[in-house]
Amino acid sequence: MNRYFRAEIRSNRPVHINHNLLSLANIDPMVEPQPGQFYMLEVSKGLDPLLKRAFSLFRRTQEGFQILYRIKGKGTSILKDLKKGTVLHVLGPLGNFYPLPSDSESPLVIAGGIGIASVFSLVEKLSKKAFVFYGARAEQELFMTDALESFHRELVLCTDDGSCGVKGTVVDVLTDFIKKRDEFHQPVIYACGPKAMLREIAKTALANGVKAYVSLEEHMACGIGACLGCVVKTTSGHQRVCKEGPVFDAREIVW
């Protein structure tokens with residue numbers, strides 16, 4: 001099936017400071033997306049900006065899908081002003097996706113800031129099996145927590161300044177959780193967030209013998225592996241985040 005299709009905006013509403021939730025209904029047939037994949041969206045009919053913008057799948061819906069995005073830069077500033085009924089040209093879903101845990105594994109899902117956009121559909125698909133760790137610098141940077149309530153097994157919120165939930169980083173909380181909890185076997189980590197956070201999660205996972213998958217965010221121009229603008233260094237050489245990723249085994253990344 002062709003991954004180029006048209007989609008109509010059903011809603012484009014603010015859900016937090018500088019963050020919008022975009023709901024799209026596909027006009028043409030679309031490939032079924034999987035948690036961790038992404039879309040390239042046309043945000044302008046003109047030449048500025050010329051390139052499509054990459055956005056993680058937030059959630060599959062009956063009509064199509066949703067994108068949770070942060071308003072930062074020219075492309076997203078244009079996107080936030082698009083109204084209901086606007087038709088966008090879309091490419092996707094693209095990239096690989098989070099491998100689902102086996103029945104014997106306990107999924108630990110970690111989000112830092114806007115990283116919640118990538119892992120939300122995974123938490124939903126796991127349906128009450130996931131331990132979710134969601135962190136930010138302060139309470140005002142945590143959002144969509146109400147939407148998570150229906151799906152997780154346990155939700156741990158944490159902030160660097162202690163204004164909400166546990167005081168500390170998600171890495172600190174995760175480390176304590178792995179060491180102190182004995183109610184699960186074979187934990188497996190799924191994470192998306194700032195690169196510094198992912199690097200520390202990779203170290204923690206390696207030190208504790210835990211399997212970990214991380215979703216990387218890099219600037220993308222094409223989304224199909226042609227421009228080589230999103231390569232990262234791995235133990236197998238340079239790989240493209242848009243093609244071989246965005247989800248990688250944390251042990252493969254040369255941090």
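Easy rule for this one: first residue shown is 1, then count along the chain.
Yeah, the Cβs are placed from backbone N, Cα and C, and that goes for glycine too.
Unlike curated entries, TrEMBL annotations are predicted automatically.
Arg53 (FAD binding site) has a Cβ environment of 22 other Cβ atoms inside 10 Å. DSSP assigns Arg53 (FAD binding site) to a strand. Sequence annotations record features per position, and here TrEMBL assigns FAD binding site to Arg53, Ala54, Phe55, Ser56, Leu68, Tyr69, Arg70, Gly75, Thr76.
Secondary structure at Cys230 ([2Fe-2S] cluster binding site), as computed by DSSP, is coil. Annotation source TrEMBL lists [2Fe-2S] cluster binding site at Cys222, Cys227, Cys230, Cys242.
Within the model, the domain 'FAD-binding FR-type' (2-100) shows a mean pLDDT value of 92, rounded to a whole number. Under the heading domain 'FAD-binding FR-type', TrEMBL lists 2-100.
Following the DSSP three-state reduction, the secondary structure of Cys222 ([2Fe-2S] cluster binding site) is coil. Working note on the binding-site residues Leu68, Cys222, Cys227, Cys230, Cys242: by count of other C-beta atoms within 10 Å of each C-beta, Cys242 ranks first.
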